[in-house]
């Protein structure tokens, strides 16, 4: 399965990823603003879900809090880790059912909110 795993640059433009990462290098991470900057807001639900699958490192169908901290590395190896506060804020924004992790539909809903 590993052979055909998509990488983020199959879905998004590297220069837009870099621009978005640079924008949040020193300021508080805002997931909605970030997703818009990398062009995800304009994507179909299906493609947003493909992005989710790239970010869901362990393939559990969820992005857990531990994975969320490294979410920017999913976009680029140069991405920084999120702070605890940013991670919790991201989780709170997306985790509508309160199970402590982000499901694929919750992720898509956050992007297109």
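Each residue, glycine too, has its Cβ placed from N, Cα and C.
Among the features that TrEMBL reports, domain 'EF-hand' is placed at 43-78 (among others). Helix, strand and coil counts from DSSP across the domain 'EF-hand' (43-78) read 20 helix, 3 strand, 13 coil.
Remark: residue 62 (Ca(2+) 1 binding site) has 56, 101, 102, 103, 104 as non-local neighbours, by Cβ distance under 8 Å and separation of at least 6 in sequence. What TrEMBL lists as Ca(2+) 1 binding site is 56, 58, 60, 62, 67, 99, 101, 106.
Residues annotated as domain 'EF-hand' in TrEMBL: 82-113 (among others). Mean pLDDT for the domain 'EF-hand' (82-113) in the predicted structure: 97.
Counting every protein chain shown, the number of other Cβ atoms lying within 10 Å of the Cβ of residue 97 (Ca(2+) 2 binding site) is 10. Sequence annotations record features per position, and here TrEMBL assigns Ca(2+) 2 binding site to 95, 97.
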In the same chain, residues at least 6 away from the ends of the domain 'EF-hand' (82-113) whose Cβ sits under 8 Å of its Cβ atoms read 28-29, 31-32, 35, 40-41, 43, 45, 48-49, 52-53, 55-56, 61-65, 68-72
Tell me, which binding-site residues from 58, 67, 106 are within 10 Å of residue 95 (Ca(2+) 2 binding site) if we use the C-alpha atoms?
106
The correct DSSP tally for the domain 'EF-hand' (82-113) reads 19 helix, 3 strand, 10 coil
Taking residue 97 (Ca(2+) 2 binding site) as the reference, which of 58, 60, 67, 106 (the binding-site residues) have a CA within 10 A of its CA?
106
